[in-house]
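Beneath this line is the structure, given in structure tokens, with notes to follow.
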Amino acid sequence: MSKKKLSKGQQRRVSANHQRRLKHADSKVEWDDSQLSEPQEGVIISRFGMHADVEAPDGKLHRCNIRRTIHSLVTGDRVVWRAGNETLAGISGIVEAVHPRQSVLTRPDYYDGLKPIAANIDQIVIVSAILPELSLNIIDRYLVACETLEIEPLIVLNKIDLLDDEGRAFVEEVMDIYRALHYRVLMMSSHTQQGVAELEAALTGRVSIFAGQSGVGKSSLLNALLYPDDAQILVNDVSDASGLGQHTTTAARLYHFPHGGDVIDSPGVREFGLWHLEPEQVTRGFIEFRDYLGSCKFRDCKHDTDPGCAIRAALERGEIAPERFDNYHRILESMAQVKTRKSFSAPDN
């Protein structure tokens with residue numbers, strides 16, 4: 001007999017009980033100031049409830065408590081922490097402060113608004129593939145997210161080894177749409193290793209996120225780039241009915257590439273939606289539209305069949321790609337459909 005799927009309310013209660021257990025466990029470890037070393041810098045490798053794994057400057061990991069005055073702490077945060085003179089109940093230090101973030105990746109939550117899930121990201125690697133079909137709509141969705149978050153994108157088209165010469169020429173022509181907008185595009189194959197060296201160079205010295213739909217080869221790419229033992233963690237599935245799973249599969253985690261650079265990965269990081277955005281944010285997310293904003297005849301122009309629309313006029317002059325224009329309206333339509341089914345409220349600032 002299959003397990004009964006938990007409702008949203010039941011999942012939230014399971015999560016709340018889990019957090020209370022972690023908080024209770026945390027209260028068992030009380031650090032006296034005399035037991036702590038001098039403050040030092042660190043990076044959050046992963047966060048587990050009231051605890052976090054901190055990487056010290058020497059590369060060693062320390063499971064730490066988190067000061068109750070710290071209200072937001074995610075993977076990638078740069079912190080000040082203090083090591084304990086001894087390990088107590090598996091805890092070897094405490095996080096005392098968080099440095100200001102250069103960037104933060106957020107995910108819309110149906111109940112809690114925008115939730116930060118990773119910090120200090122330099123680029124989002126948008127992984128797409130030519131099979132079962134090349135979806136420009138998905139690429140454009142992620143580009144809108146990148147523009148809204150103000151994080152630089154890198155488009156990686158995987159599985160190009162499956163293309164013949166004619167197919168390759170067609171895909172190159174399609175990708176020229178994005179190159180013309182000054183987006184970086186990389187064609188590669190994790191199977192033949194074509195383009196892997198170029199991708200390694202693009203990742204070196206940066207903190208990256210890999211994003212894309214299931215089946216496009218994200219895990220295969222990461223397996224090709226990371227140490228095998230680390231990469232194996234990335235392909236595990238979450239089987240826990242509560243959706244919490246194990247720490248190694250559900251918590252966002254930072255990995256180091258052997259060639260240099262880092263990646264933050266988790267199932268929640270790889271896929272994130274746009275339904276929480278306002279239409280105006282989506283419009284600005286199409287960077288080629290920006291020069292025409294404010295030039296339409298009507299202030300409430302929907303940039304479709306409205307008379308005097310500057311964006312449609314640019315489309316008709318060939319200054320905007322029809323594929324991008326069509327995807328813009330598809331995104332708005334899908335967002336409107338989702339918002340009729342979900343309720344969303346942004347958190348107070």
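Using the three backbone atoms N, Cα and C, a Cβ is placed for every residue, glycine included.
Some features that Swiss-Prot has for this protein:
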BINDING   ASN158, LYS159, ILE160, ASP161, GLY212, GLN213, SER214, GLY215, VAL216, GLY217, LYS218, SER219, SER220  GTP binding site
BINDING   CYS296, CYS301, HIS303, CYS309  Zn(2+) binding site
COMPBIAS  1-11  compositional bias 'Basic residues'
DOMAIN    111-272  domain 'CP-type G'
REGION    1-35  region 'Disordered'
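Shown here: features listed in Swiss-Prot, placed on the structure.
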residue : record              : DSSP (3 states)
ASN158  : GTP binding site    : strand
GLY212  : GTP binding site    : coil
LYS218  : GTP binding site    : helix
CYS296  : Zn(2+) binding site : coil
CYS301  : Zn(2+) binding site : coil
CYS309  : Zn(2+) binding site : coil
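Close to the recorded Zn(2+) site, the chain also has LYS297, PHE298, LYS302, ASP304, ASP306, GLY308, ALA310, ILE311, ARG312: residues not among CYS296, CYS301, HIS303, CYS309 whose Cβ is within 8 Å of the site's Cβ mean position. Ranked by how many other Cβ atoms sit within 10 Å of their Cβ, the binding-site residues ASN158, SER214, SER220 place SER214 at the bottom. When the binding-site residues VAL216, CYS309 are scored by other C-beta atoms within 10 Å, VAL216 scores highest. Between the farthest pair of Cα atoms in the GTP binding residues (ASN158, LYS159, ILE160, ASP161, GLY212, GLN213, SER214, GLY215, VAL216, GLY217, LYS218, SER219, SER220), the distance is 19 Å. Just so you know, the Cβ of LYS218 (GTP binding site) picks up 24 other Cβ atoms within 10 Å once every protein chain is counted.
Checked against ILE160 (GTP binding site) by C-alpha proximity, the binding-site residues CYS296, CYS301, HIS303, CYS309 yield HIS303 as the nearest. Counting in whole angstrom, LYS218 (GTP binding site) lies 40 from CYS296 (Zn(2+) binding site) by their C-alpha atoms. Cα-Cα distance from GLY212 (GTP binding site) to HIS303 (Zn(2+) binding site): 28 Å (rounded to the nearest whole number). In this view, CYS296 (Zn(2+) binding site) is surrounded by 19 other Cβ atoms within 10 Å of its Cβ, with every protein chain counted. With a 10 A radius on its CB, GLY212 (GTP binding site) counts 24 other CB atoms from all the protein chains.
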